[in-house]
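This report concerns only the one structure given below.
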Amino acid sequence: MNVTSLFSFTSPAVKRLLGWKQGDEEEKWAEKAVDALVKKLKKKKGAMEELEKALSCPGQPSNCVTIPRSLDGRLQVSHRKGLPHVIYCRVWRWPDLQSHHELKPLECCEFPFGSKQKEVCINPYHYKRVESPVLPPVLVPRHSEYNPQHSLLAQFRNLGQNEPHMPLNATFPDSFQQPNSHPFPHSPNSSYPNSPGSSSSTYPHSPTSSDPGSPFQMPADTPPPAYLPPEDPMTQDGSQPMDTNMMAPSLPSEINRGDVQAVAYEEPKHWCSIVYYELNNRVGEAFHASSTSVLVDGFTDPSNNKNRFCLGLLSNVNRNSTIENTRRHIGKGVHLYYVGGEVYAECLSDSSIFVQSRNCNYHHGFHPTTVCKIPSGCSLKIFNNQEFAQLLAQSVNHGFETVYELTKMCTIRMSFVKGWGAEYHRQDVTSTPCWIEIHLHGPLQWLDKVLTQMGSPHNPISSVS
């Protein structure tokens, strides 16, 4: 389609605004999005002029350009629903923008999307892209705190003995409330007092999910309430990042830098790999994710899209009727985002997905092996690099085995359609018909480097080794 035919029925105002459009994909969709916006802005005196000023002078201060917030917060453009600030940031600034998780409002914005006001600002220059936080290096002591004659191998073997025979269950959002004001409620060796005995467990001193102001009432494509409560003065819109300095391990003054080895985090080429299983059988090759936005669905995609892991393509001679039926219900599956050092899972399937993430469970105060149900249309943060960094920094002072135990946190298991755990007749993930295992490469490689620096559990590092 040439430019002449594209603009043949567009108004002069829409033509002008499309002149600042970024990228060359989805021309017709962008035109419809801008046309819908122009119709709204024409009702407000000076709004069109303010938007044109912002687009033509990106480095100059500009005012909010607002439209009324819809009931569910989303805007429909040509059969596709999305959040308005995401739509217009995609049109005029970042064509590769995948999700609201990647955006943060600037301080000058009076009507940011996350503030839940009647008007929402769509000025693309009132938002910035989230950057991954810089994780402080882990400082590994050069000398062991342990007696070299004392072996921790027996303790190492028994680390999992306190785990229940089968995992407990929790349902999002019913079992999930905002954690209390401390973003990291537990130490790595603490118990999990808020373990959900059932899907109705709640947190003390936090709003229930039925509260009209609860962020969990919002659709999956809205900003996650996540890690900081609304009463915290630094996060009116939940947008401020945690101070990475709080992650830095504090060293006793008598320890000088020569007594520790700094091990830094490095972002790998592939942020994760995904392996698909049917019952206890691995099916097909591992999928290596290079894009920060990955779809795992039940369809077939002969184009070999690098952003999609299509389970419908995979064959298995041992497949039974239960597996076949479950595969038919995977549908659109799950959307995995890796943004700003955090991993989110959004259930796009009509059926629920079930997630076992120790990092997510730690954040919410659940038992480590709890399985969380994510219904259709909901999204949940399932891993946080900063919390992992804090745990790793603490664990190096407790020995090799404690650090090694964190490898379990770097693997996330997720089943489609059928759940497992105490509330289901399937007790283990290997009893579910269709499931995936997600390996987080960055945290795993970081752990590997720290463990290499520490030495082996059979021969702890010491002043005489």
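Start at 1 and count along the chain as shown; that gives each residue its number.
Using N, Cα and C of the backbone, Cβ positions are placed for all residues, glycine too.
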Of the residue ranges 143-153, 363-373, 418-428, which one carries the region 'L3 loop' annotation in Swiss-Prot?
418-428
Which one, CYS89, CYS109, is listed by Swiss-Prot in the same Zn(2+) site as CYS64, CYS121, HIS126?
CYS109
Could you round the CA separation between THR322 (phosphothreonine) and CYS64 (Zn(2+) binding site) to a whole angstrom and send it over?
54
Using the recorded Zn(2+) site (CYS64, CYS109, CYS121, HIS126) as reference, state which further residues of the same chain have their Cβ within 8 Å of the centre of those residues' Cβ atoms, listed in sequence order.
ASN63, VAL65, THR66, PRO105, LEU106, CYS108, GLU110, PHE111, PRO112, ILE122, ASN123, TYR127
Which residue, out of the binding-site residues CYS64, CYS109, CYS121, shows the minimum number of other Cβ atoms inside 10 Å of its Cβ in this structure?
CYS64
Name the secondary structure element type, per DSSP in three states, that contains CYS121 (Zn(2+) binding site).
strand
